[in-house]
Every structure is written in structure tokens, then in C-alpha cells.
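Undergrad: The following feature annotations were taken from Swiss-Prot:
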- 19-1096: topological domain 'Extracellular' (TOPO_DOM)
- Asn23: N-linked glycosylation site (CARBOHYD)
- Asn74: N-linked glycosylation site (CARBOHYD)
- Asn238: N-linked glycosylation site (CARBOHYD)
- Asn248: N-linked glycosylation site (CARBOHYD)
- Asn265: N-linked glycosylation site (CARBOHYD)
- Asn272: N-linked glycosylation site (CARBOHYD)
- Asn580: N-linked glycosylation site (CARBOHYD)
- Asn592: N-linked glycosylation site (CARBOHYD)
- 770-875: region 'Heptad repeat 1 (HR1)' (REGION)
- Asn980: N-linked glycosylation site (CARBOHYD)
- Asn1015: N-linked glycosylation site (CARBOHYD)
- 1025-1106: region 'Heptad repeat 2 (HR2)' (REGION)
- Asn1039: N-linked glycosylation site (CARBOHYD)
- Asn1075: N-linked glycosylation site (CARBOHYD)
- 1097-1117: transmembrane segment (TRANSMEM)
- 1118-1163: topological domain 'Cytoplasmic' (TOPO_DOM)
- 1160-1163: motif 'Di-lysine motif' (MOTIF)
Amino acid sequence: MLERSLLLATLLSALCSANLFGNNSYVYYYQSAFRPSDGWHLHGGAYEVVNVSTESSNAGTTGCTAGAIYWSKNFSAASVAMTAPQNGMSWSTEQFCTAHCNFTDFVVFVTHCYKSGHGSCPLTGLIPQNHIRISAMKNSSLFYNLTVAVTKYPRFKSLQCVNNMTSVYLNGDLVFTSNETKDVSAAGVHFKAGGPITYKVMREVKALAYFVNGTAQDVILCDGSPTGLLACQYNTGNFSDGFYPFTNSSLVKEKFIVYRESSVNTTLELTNFTFSNVSNATPNTGGVQTIQLYQTITAQSGYYNLNFSFLSSFIYKASDYMYGSYHPSCKFRLETINNGLWFNSLSVSLGYGPIQGGCKQSVFANRATCCYAYSYNGPSLCKGVYRGELTKSFECGLLVFVTKTDGSRIQTRNEPFTLTQHNYNNITLDRCVEYNIYGRVGQGFITNVTNYAINYNYLADGGMAILDTSGAIDIFVVQGEYGLNYYKVNPCEDVNQQFVVSGGKLVGILTSRNETGSQPLENQFYIKIINGTRRSRRSITGNVTNCPYVTYGKFCIKPDGSISTIVPKELEHFVAPLLNVTENVLIPDSFNLTVTDEYIQTRMDKVQINCLQYVCGNSLECRKLFQQYGPVCDNILSVVNSVGQKEDMELLYFYSSTKPSGFNTPVLSNVSTGEFNISLLLTPPSSASGRSFIEDLLFTSVESVGLPTDDAYKKCTAGPLGFLKDLACAREYNGLLVLPPIITAEMQTLYTSSLVASMAFGGITSAGAIPFATQLQARINHLGITQSLLFKNQEKIAASFNKAIGHMQEGFRSTSLALQQIQDVVNKQSSILTETMASLNKNFGAISSVLQDIYQQLDSIQADAQVDRIITGRLSSLSVLASAKQAEYYRVSQQRELATQKINECVKSQSIRYSFCGNGRHVLTIPQNAPNGIVFIHFTYTPESFVNVTAIVGFCVNPANASQYAIVPANGRGIFIQVNGSYYITARDMYMPRDITAGDIVTLTSCQANYVSVNKTVITTFVDNDDFDFDDELSKWWNDTKHELPDFDEFNYTVPILDIGSEIDRIQGVIQGLNDSLIDLETLSILKTYIKWPWYVWLAIAFLTIIFILVLCWIFFMTGCCGCCCGCFGIIPLMSKCGKKSSYYTTFDNDVVYEQYRPKKSV
């Protein structure tokens, strides 16, 4: 059982109790009628304390008032517990009076009241002595009363209010409940002394309880702690050692939307109304009330366009006291009414009445807010509107009445209004959010992967998103200011998070996320858990040779959460097995060396299954539905975990049993590569050559291409006057005199002087030009030969390089074929995994394989029915995967056993088993690493020809003076053979006849074989020849049959054998081809000639040195701070001067320098 962070105590006898546990950190309630079966059950009923406060007294000095509610604290909580000190409080006005719980609609309280009289016991009335009252009140009326003797509750200890069924517990016993479930809105205890009262506010959490005979014996809170997450996700508190994937679904508080367009234009409806002139309109008969209205329009909310185009044939009459228009409340004309004016209400009508006073009087009579008058030179048939003019006739005109109020419900416009909505994609990164990406909704952890995806032109053809195998968005793209931005949608919680259980305890978490306090463990990160909380990072300590607990790769995770490295005990020594020779009359006498390649798989790829994530993905509805499936995921996971654990243990044992001591010790000396030339990979030995560093600094060097003879020339001209021997040191190359083409200044002066002197006296001194001409011809020869060799070498390099490239390409092809065969073996492991992932795209009879689409298209009940099919199908796929991995483990386990035998028998020694290490008699085996396995290269010798000899089982010896005895070959010595009438002994596997010696035989006491004598009744299946004719019976069955042995070369082995022999031969040919491509170039050399600087450069260096010394001396004299420099430079006369100058300052013990004041000398 898991060790939990909270102290889980056994709940006491009462099934209706509610006691605080875990250092008063939580409480567990359950009804008396709830008696589940034995085992773990996940349901509500647990409440965790989130806030604690205390109160000393609230009754004042006169005592508390019994039978009334005088004190209350406001809450909004699922449960509130009010507890007194351990000894409790007495039922008296000097200590405790009333405690209550307010569930908004009604109040439940417990009190006592033994007084009578006016104002006493206002809520309950007189209560009998030594009794308490438990009541419930609604709208000031008591609807529940329970009177209990104080013998049951001698003192007040606690009152707990719970929202579930509005339950109230007194001293841990259920005293009130109803069929309503409401949170606690207020509660309080009215008391004077005996406190303090502790208020504990709690929130409701699910709990996993372990019941025995209907009583909860153990409780694990589903509160987000590691223990709660693990137990409540797998519905059990008992876990064996292993790894358990989990998903921590946190509350998502943020949401964002990714829009297809950056902006959306919406054109709102524009209501058009066109006014027109009314023909045959009736004039008014007197007063404004008789003016008849036409074409009345009342605008609703929205946009309107009022067309008064017919007014172009009318003449507007401005306001002139009583005459014309009157619209002081309207600052617009009808011609401009569509210029974006806002109204809260608007009504427009046409009328025909007198221009004289018709508009003004209509506004005063509240028939309109504004009135516009227009003349069309009409007849004078309209009557007046004022009291003295009602019978008079005036000119009729068009009157436009506008009734309006200001506001923003109505707007007039000339054109339809276009509303532009700018969509800003504010994508929330690096935390769990709800998203709506191009219409697909879900939850995810969004990361920016633009830097990784920008170079691969993903979605470059206008695509918006890449979906994963389940149909959810995997990668989506958003057009940014500077180009496309790519984002990756990850699950909110790490899919690879796994709890680690070791020794029955939850000790850590394995995650693929590098969190604070984690430490690397293979390809994951490990977080240690102590007492239910995460602990800071600790390094891996100690080594162990074996691990009885849970292992991850080469690491052992112990029950205390610490990690140790598994270092298998190395094999100290090994010996070769003895020969086990069998008999054969055909003995081989000649052999061939054979190379056989064999691939054996020694490890399998482990898988980590997050069952809940695979089945439901990020769908919360699916996860709720999946809880009905019980421990099916636990069963699948247990199979996969056990396979992984066994795989790790056997793999460690495999390496520990085959790795000899000193295996990792490098050999760095006496390395022989045989005929393989790897000198290009080695650093050539350094040797001192060339001039010194000073010479390289003081001289200018010139390098040129030279011939092999240039080294001898350089040695010949070495020395201060070497340039004088230039022509004497000339060398011959292929019969031609050659000199390096570089001429120094000394040589140039020498040859020029010789040439000029030879021309001074004509033919007499002409012989002086011979040295000049000779050295010139030699240098031209050098240039010509060098250019010719360079051209030839270029042709050789090109031809050889082309040949080498061809061989390298062929080598790469051969290597790829060999690797392809290994890959075919390895890829068999992933076929079932590929099929499992492909199942995510199958709908298994549902309308879609995408869970989000199903819940969006159907209601809850229909969607659950469809998703139930997908859950069943995906669970079946996971079961197939688990079974396949289990079968693969058994096969790989057998392969490892075979590989262990191969290493011990073939690699570490010579096998005596024929054709076990390759084909034939074993000589040598070289192992090589391969993906998920080992390739063995077996060198064996196989028989080419045989000698047919007569084999003798043994000899029976009959001595003259003793009883007879028999001799047979000793085990492993061979067999007796007869050759030309003589007897020899020879090995069974190689024909080497030799004389028989005493060490080759074993003496038997008798020449006869021992048999057991029995009668006929013992062996009932034996028949005589008279009763049964074998020849006749066998002829019935064996006629027309062929007696041929099967062709074992075509036998279908279950062990995958990798044959790369032909590829190895091809690679060997390529190596030979590369060796043939070595280039034998004509040897050239680099000639380096040093040119001395001119005399004026040396003169400038000398002047600069002198100036530097003078400036340095001047600084010493002027500053008086020459110090030790005088002595260092050996300037003895200056030392006294420096001493006198520096003595002007005196340094005291406090390291403060003062200037000494010397007395002035009189002149």
C-alpha cells in the first residue's frame, strides 16, 4: 500500500461520524446507509481544510444569551467545522450558549435554555433541565426540533456543517440532514468562556476510501498531491513496483482564438425610404389639427436613408417670425439629414398646410419637434392656424414634420455602414490554455517552433494546420508581420510523466521535462518525492551489482527514493569446455576456411503507454466516460511494465555474464594494422626543420615550388657566403642543369657585376658573361621541368580521384545493402506499434475518429454512445500491443540466451560443437554491435574431402594366463581404425592416424555387453516372426515412397539470421580498389628563400632604439621615481641622485606621506 503524505487514521465505529484526521487537515463523511463492498471506492465525501481561524469570546462580560443566535461569521464554503478545546465546553451561560450553521434558506442550531420569563429563550422557549435542543429554522419558523439529554453529549466539543445533504454533526454525530445540497453561508458559536473556538473552512475533494465490512479503514484524498493523483487515477491504493503514467488535468483559466482572416468586414443593413409628392392633397380647414399627414415613417433601431429628392422642385422657406419653417431643435436641413446624424427616436411625415404659421404653430402644438416649409406656388386655399385667422385663406405649402429625440439607436447615412472587425491573434504560449484554432477547439500547451520549421517550407502552399493521427491540430501557422509563424500544440501535461513506485512506496516522478530540482536519468528526468512533496535535486550516489527494486535502464530506484547505478559484477575468469566427440566412419582430411555472418537480436524497444491519453486524448468528456471502464488500463499497463522490468533485468544480466574484466581498458601501444595503411589518420612525428624564430622575424621569406634536387642545393649554399657558391651548387635533374628560380639581392649584384665587367673590353673579357648565362639557363630549366611535373601530377590526381570516387560510391551501396538487412529485422518490432497508432484514425463504427467533432455534432447521450465504440476499439488495440510486446519479450529473451551461449562459447573460447559457431569446426568469432543486437562473424573450417576408414569399437584381449578383457578409446581421444591390417587411433574430426598408447584406452572387465533378462510377459508388444511378417506389413506402407532427406538450407528459422557475406565481399573489393587509387606523384618540394632587409631599414631600427633609451632616461631624471631601475640598468652614478631625490619624501608608520620643510639657505 502506498505511503501517503497525510496521516490516515481509521474512522471510528459510528457509520455517521465525521471526525477530523491527518493532523486535523481533512475530514471524511459517509452516510450510515452507504455500505460499499470491500475494497477501494472513489467518490465524494472528503473535505480538506483550507483556512483556520480562532476566537476567544464574543459574549461580553455579562454572559452569553441561551436559546438565541447572537453571533455569526460569514462564509462561502463546502464545509465549516467549529471545534472547542479537547475538554469541551459546559452547557451554561458562563461558557457555551449557541452554535449554528446557516444554509442560506434555513438555519440549524444547537442550544440550551433553562430560564423562564420575559425575553428568555426567544427561539426555543424553555428547555428542560439537563437537556439541549437541536433545531432547524426557516423564515423565523422552527420546522425541526430534537431534544437530547446531556448524558449523551455532556459537553460541547464540535459542530460541523456540510453541504452534502445539508448535514450537521454534533460532536461527530449526525444530528440533522435534508434532501438539499447547499454550501454553508454563515456559522458561529456564541460563548463567553471555555474557548478558544477554532473555525476550519473546508473545500470538497474526492476521496479514495478502502472499506472493510462497510467501514472506511483507509482514505486517500484526490487533492492534487502525488499520492492523490496516482491513487485516484488508477482507483486503487495498492501498487506493485513499477512505473505508472499519469495525467494531471489542471483548471484552464485562459482561452484564445486563432482567426482565419486578420480582419472581417460586415456590411450592416441600410433601410431606404423615399418620400414623394402627394397629388390631390386636401387643404386644411382651419387650425393645425386639420392638417392631414401623409407617408409617415417611424424609424426603428438601425441605419436609415431618407430620400427627399422630390424637394428639388420646391422652394425652401426659411423661418421669418410666423412665416415659413420652424426648427430651432434641428440644426440640419432635410437635404443634409443623411449625413450621419444620430437619434434615439425619429418619425417623419408630410403635410399640406398654410406657410403662414403652419410650421411654428405645429411645433407649439407638439405635433412635431421640427417643421420644414416648402413653397410650390400653390393656391391660397389653406385656412389660418391662429384663432383670429381660422377662416382666412393663405398660400398652401408643403410641410415636413420631424419628430425626434437625441440618442444613438438610429443613424442616418448615405451609404450602407461597413463594420471592420480586426482580429488579433494573441496566442498564449507556454501554459495550458483552451484554444479555438481555425474552428477546432481543445486544450493544449502552445510553443513557438518557427525557428525549427521555417527552413522546411511547411504549409507553404496556403495550408493552415497539420493534424495528428487522431485528427487534432499538431502544428498550425499564423501569418505574422515578418512572415509565417509556426506553433506546436502539445498536451497540457507531459504525456511521459510517470510515477515511480519502489518497495510499495511512491518515491518519485519520471518526466521528459527538465524541471527545477530534477536530475537526468537516461533520456528522462527524475524528481524525488519525500512525504508526498517534491524534493530538491540530489546526485546519483553509490553503485550496486544488482537491484531487487524497480530499475530504469542502468539505474536502480530504491524505496527511499535514492538512485544507484547498477554496475554488474564482472566475470573474473572463464575456461573453454572440453571436447565432446561423436563417432563417424568418414573422417575429413582437408579443409577450407569459411566466414559466416549471424545476427542475433538481444534487446527490444520498450514502449511507454499512457492509456488514458491514448484513448481519450484531451477530451474531458471522454475521460469522464472512461472512468466506467474500471481497471482495464491498469491491467494493460501491468503487462507492459512487467515486460519492461524483465527486459531491463535480463539485459543487465546478459552484459554482466558476458563482459570480462578489463574490458574497458584501452590499448594504446603495440597496435598493428597489418596490411591496412592508416598513416593518414595518425599525427606524423614532429622534427625540427627550417630556420629559427628569430630568423623568421628578421628576414622576409619567399616560398616557391621546387624539385627534389633543391634540398641538396640548400645544404650546399648554407652559410654566410653561400650565395657565392650559387652556380657551383647547381644540380642535374634528368640530365638537365637546374637552379632554383629565386635570386637574392647578393646574387643579383654578383651576376650583374660579372655581366657588366665582361662587356668592358669586348672579346677580351667576354668570358666573364659565362656564369651569368649558365645560371640563367639553369633557372629556366628549373621552371620548365616544374611546370611539366605539375601538369603530369594534375592528370594523375584527376584520374585517381575519379577512380576513388567510383569505388567509394560502390562501397556506400554495399554498406547500405547490409544495413538494410539489419533494418528489416529491427523494423519488425515497430510494425505492431505502427498498427496501434494507425488505430487512432479508425472510427470503430462511430461517425468520426475525432472525439471533439463527435461531441460538437451530437448531444451528450448520443456522443457518449459513439465515443464508447471508439474507447472499446482503442482499448482492443492497446491489448493487442501489450500482447505483442509480451510475445516479443519471450522471443528476445530466448535470443539473449542464445547470444550468451554464442559469446561464452564462440567469442571467449573455441566451440567444440560442430556448426554451432558458424558452419563447420569453429576457429574464431568476432562480435560487432548492431541495432538492437549483435552481429557475429564466425571463422570456421569446413571439410573438403573425407577418408573412408574402418572404425573399430574396441578390442577384446585374451591373455594366456588371465581372463579376457576389453579396451575401448578413452573419451575424447578419437576412434580405433584399421589401415592396411594395422590398428591406429585418430581424431574424430581430422584424419591423423597414430599409434595407440596407454593414455588412449579404457580397460573393460569383460568383452561381452550386459543385457537384462526378462520373460515374454514383461514386453507385451513383442511378437515372433511366426505371428507377424514385418516384410509383408512394411511393404503395404513404404511402396512408391522416396527416401530423401529434407533440404535444410531452405529451413525457415524462427531466429532472424542476417546474411551480409556478399556485402562484406563487395566492401573488400572496394577497399582493394581504393588501395589501387593511391597516387604515385612526381616528387616536388617547397623552396623557402630568406631575403635580408636593406641597409636603410637596419639604420632606422638603430635610430629608434637610441631615441627610446634617451626618452626613458629623461623620464627617470624628471620624475625622480627611478627607484630600483637605476640599479637594474647598472647606472651607478645615477643611484646617488635617485636616492637624494627620493629622500625628499618620508613615509611614516601610518602610511601617510608628508612633505618635509627644509630651511632656506641665505644667499
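All positions are counted from 1 along the displayed chain.
Quick reminder: no glycine exception, Cβ is built from N, Cα and C everywhere.
Set these features in their place in the structure for me.
TA: In the three-state DSSP assignment, the secondary structure recorded for Asn74 (N-linked glycosylation site) is strand. Residue environment of Asn74 (N-linked glycosylation site) contains 10 other Cβ atoms, counted within 10 Å of its Cβ in all protein chains.
Of all Cβ atoms in the shown protein chains, 12 besides its own fall within 10 Å of the Cβ of Asn238 (N-linked glycosylation site).
The Cβ of Asn265 (N-linked glycosylation site) lies under 8 Å from the Cβ of Thr418, Leu419, Thr420, Gln421, each of which sits 6+ residues away along the same chain.
Shown in sequence order, Tyr304, Asn305, Asn307 are the residues of the chain, 6+ apart in sequence, with a C-beta less than 8 angstroms from the C-beta of Asn272 (N-linked glycosylation site).
In the three-state DSSP assignment, the secondary structure recorded for Asn592 (N-linked glycosylation site) is strand. Around the Cβ of Asn592 (N-linked glycosylation site), a 10 Å sphere holds 10 further Cβ atoms from the protein chains shown.
Reduced to three states, the DSSP call for Asn980 (N-linked glycosylation site) is coil.
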Undergrad: Taking DSSP three-state, what's Asn238 (N-linked glycosylation site) in: helix, strand or coil?
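TA: In the DSSP reduction, Asn238 (N-linked glycosylation site) maps to coil.
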Undergrad: Within 10 Å of the Cβ of Asn980 (N-linked glycosylation site), how many other Cβ atoms can you find? Include all protein chains, please.
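TA: Step by step: centre on the Cβ of Asn980 (N-linked glycosylation site), count other Cβ atoms within 10 Å, giving 5.
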Undergrad: Taking the Cα atoms as reference points, how far is Asn74 (N-linked glycosylation site) from Asn238 (N-linked glycosylation site) in Å?
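TA: Per the Cα atoms, Asn74 (N-linked glycosylation site) and Asn238 (N-linked glycosylation site) stand 41 Å apart.
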Undergrad: Measuring Cα to Cα, how many angstrom lie between Asn980 (N-linked glycosylation site) and Asn592 (N-linked glycosylation site)?
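TA: Asn980 (N-linked glycosylation site) to Asn592 (N-linked glycosylation site), Cα-Cα distance: 28 Å.
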Undergrad: From the Cα of Asn592 (N-linked glycosylation site) across to the Cα of Asn238 (N-linked glycosylation site), what is the distance in angstrom?
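TA: About 64 Å separate the Cα atoms of these two residues.
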